[in-house]
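Feature annotation from TrEMBL assigns Mn(2+) binding site to Asp16, His204, His206, Asn240. Annotation comment: TrEMBL describes 7-269 as domain 'Pyruvate carboxyltransferase'. Residues annotated as region 'Regulatory domain' in TrEMBL: 398-521.
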Amino acid sequence: MTDITDIKIFDTTLRDGEQSPGVNLNKQEKLEIAKQLERLGVDVIEAGFPASSEGDFQAVKLIADTIKKSSVTALARTKKHDIDRAYEALKNTPSPRIHIFLATSPIHREFKLKMDKQQVIDTSVEMVKYSKTLFNEVEWSAEDASRTELPFLAEIIEAVIEAGASIINLPDTVGYTTPEEYGEMFRYVSENVPNINQAILSTHCHNDLGMAVANSIAGIENGATQIECSINGIGERAGNAALEEIAVALHIRGDAYPYTTNLNLQEIKRSSDVVAKLTGMTVQPNKAIIGRNAYAHESGIHQDGMLKNAETYEIISPALVGVSADSANTLFLGKHSGRHAFKDKVKSFNVELSDEELSAAFKNFKALTDHKKEVTDDDIYSIIMEIKTDASNIERYVLDNFYVNYEQDGQTKAHIDVVTPAGEPVSHEVTGSGSVEALYKAIQEILSESTNLLDYQLSSVGGGKDALAESRVQININGQKFSGRGTAQDVLAASANAYFNAVNRYLMSEHATEPAISVNA
Ligand SMILES: CC(=O)SCCNC(=O)CCNC(=O)[C@H](O)C(C)(C)COP(=O)(O)OP(=O)(O)OC[C@H]1O[C@@H](n2cnc3c(N)ncnc32)[C@H](O)[C@@H]1OP(=O)(O)O
Ligand SMILES: CC(C)C(=O)C(=O)O
């Protein structure tokens with residue numbers, strides 16, 4: 001039987017995540033995120049870099065003073081001032097940890113730090129020892145470890161462990177490495193650092209080549225037991241390894257990855273939402289695990305498969321990560337949807353449709369998808385109601401075509417082509433002082449019945465700029481009031497449909513034994 005290894009989750013949303021260009025969290029916002037990270041069950045919260053500003057010092061302090069279950073840490077350069085500031089900020093947390101770093105790669109040593117190898121070792125050792133006078137737990141990071149000579153990496157790691165570091169983090173700072181290379185670095189360190197069993201190894205991967213999650217997993221497959229990652233994968237440049245992707249990959253592919261974490265997966269969606277909202281970094285729709293399309297299926301063949309057995313196309317249940325069935329929008333109805341999914345949606349409204357009504361509704365739905373990217377539940381309900389209240393079995397007015405033009409003198413011309421209940425095509429043109437006024441005047445003048453408008457309302461159905469327009473009218477015919485409703489992409493078409501709907505309801509009532517559809521008569 002394979003042993004299961006416990007992996008510690010070190011969340012750096014509030015430190016590396018906040019290094020995302022344009023993100024600037026105040027201390028209350030950072031605290032809200034920290035509280036959510038604690039609910040999510042992360043083992044370590046990296047709350048910030050206290051020496052970087054007074055604001056970040058105060059934020060780290062507030063988090064350290066408040067958070068009790070997760071361990072709170074903060075970043076510091078190998079400088080006494082940075083370490084002292086971190087201590088002042090962290091001293092009230094039950095299990096404080098300092099995270100100090102120094103770059104080890106040739107390019108950083110030569111051009112950025114202007115230090116040789118020995119200076120990098122000596123500075124790191126001295127500052128780990130100093131940190132140890134203040135903190136029980138010292139994490140040391142070899143910045144740009146993945147571009148560092150392996151023998152030098154092994155040498156410096158042995159020295160800092162000897163000085164008191166108990167967590168050794170090996171970042172792929174610039175997101176350059178491949179999973180094979182990153183895994184090989186951990187294997188090399190595990191095999192070539194004599195005192196490595198006195199420390200735990202940690203991954204910290206950036207996503208410049210889109211391999212941060214794969215690299216982090218390669219790290220734990222080769223000896224690391226801590227993963228540094230961030231919610232929604234935010235962080236410097238292309239970001240860090242996404243916490244939610246690692247957590248769910250380890251869970252869903254437990255057969256391939258024998259690891260556990262302390263994370264409460266059901267808090268993933270909420271964590272993602274809080275971070276997206278407070279940082280202003282919205283999540284791309286197709287983002288794995290938490291993107292709005294992650295559980296949505298649009299094409300008819302996929303939807304049919306989903307209805308027959310969800311596992312045909314779904315490897316993760318949205319409920320696993322706290323995505324509600326409603327927001328999962330599992331069967332997204334759009335241009336590529338088929339009859340099975342449409343029928344399923346109709347059923348969810350508890351409306352009975354005959355086979356003919358269903359076919360007519362499906363036809364109208366497909367026609368709508370040619371104009372509208374996202375067809376909402378409201379749109380579909382409107383289509384169903386149109387069908388349910390349709391007067392197609394009686395003679396009625398059919399609006400064939402219309403247009404409305406603005407004239408130079410401020411007048412509006414409306415032209416309509418209608419087929420009458422007797423089946424005759426007729427056209428009429430009028431001018432009026434506004435679009436709806438002119439259109440309704442043309443309709444009133446073309447009807448054999450004498451009608452007048454009592455009430456007119458216009459609203460939008462569904463969201464987005466391509467939402468449907470819905471118009472409701474009440475008209476008076478022969479002393480009786482009839483209501484009408486019309487939906488269309490265009491507000492004038494919806495208005496015309498509503499008027500004809502009311503007139504046709506009158507015609508229906510004339511044919512019925514009881515005028516069931518007249519209102520307030
Ligand atoms: C890979 C990472 O993510 S590392 C973390 C990066 N995060 C941040 O930098 C965010 C917070 N940073 C800041 O607010 C500022 O950079 C500060 C306050 C830390 C420092 O600001 P300044 O003193 O103005 O220095 P500046 O940022 O311009 O340059 C960095 C200096 O630190 C030095 N340095 C860089 N890393 C380290 C280190 N690990 N230990 C010691 N010194 C370091 C640089 O060599 C440079 O030194 P120099 O001034 O002698 O050339
Ligand atoms: C400071 C270290 C951990 C870092 O953020 C990096 O190397 O990317």
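Yeah, the Cβs are placed from backbone N, Cα and C, and that goes for glycine too.
Note that TrEMBL annotation is computational and uncurated.
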Let me spell it out: for each of the binding-site residues (His204, His206), count the other Cβ atoms within 10 Å of that residue's Cβ, using every protein chain shown. Which one has the most?
His204
Three states by DSSP: which one describes Asp16 (Mn(2+) binding site)?
coil
Listed binding-site residues adjacent to ligand 2, that is, members of Asp16, His204, Asn240 whose C-beta is under 6 A away:
Asp16, His204
Least surrounded among the binding-site residues, given as Asp16, Asn240, when other CB atoms within 10 Å are counted:
Asp16
Provide the three-state secondary structure of Asn240 (Mn(2+) binding site) computed with DSSP.
strand
Going by DSSP assignments with H, G and I as helix and E and B as strand, what are the residue counts for the region 'Regulatory domain' (398-521)?
33 helix, 55 strand, 36 coil
If the Mn(2+) site is taken as the center of the Cβ atoms of Asp16, His204, His206, Asn240, which further residues of that chain fall within 8 Å of it by their Cβ?
Thr12, Pro171, Thr173, Cys205, Asn207, Ala212, Glu228, Cys229, Ser230, Gly235, Glu236, Gly239, Ala241
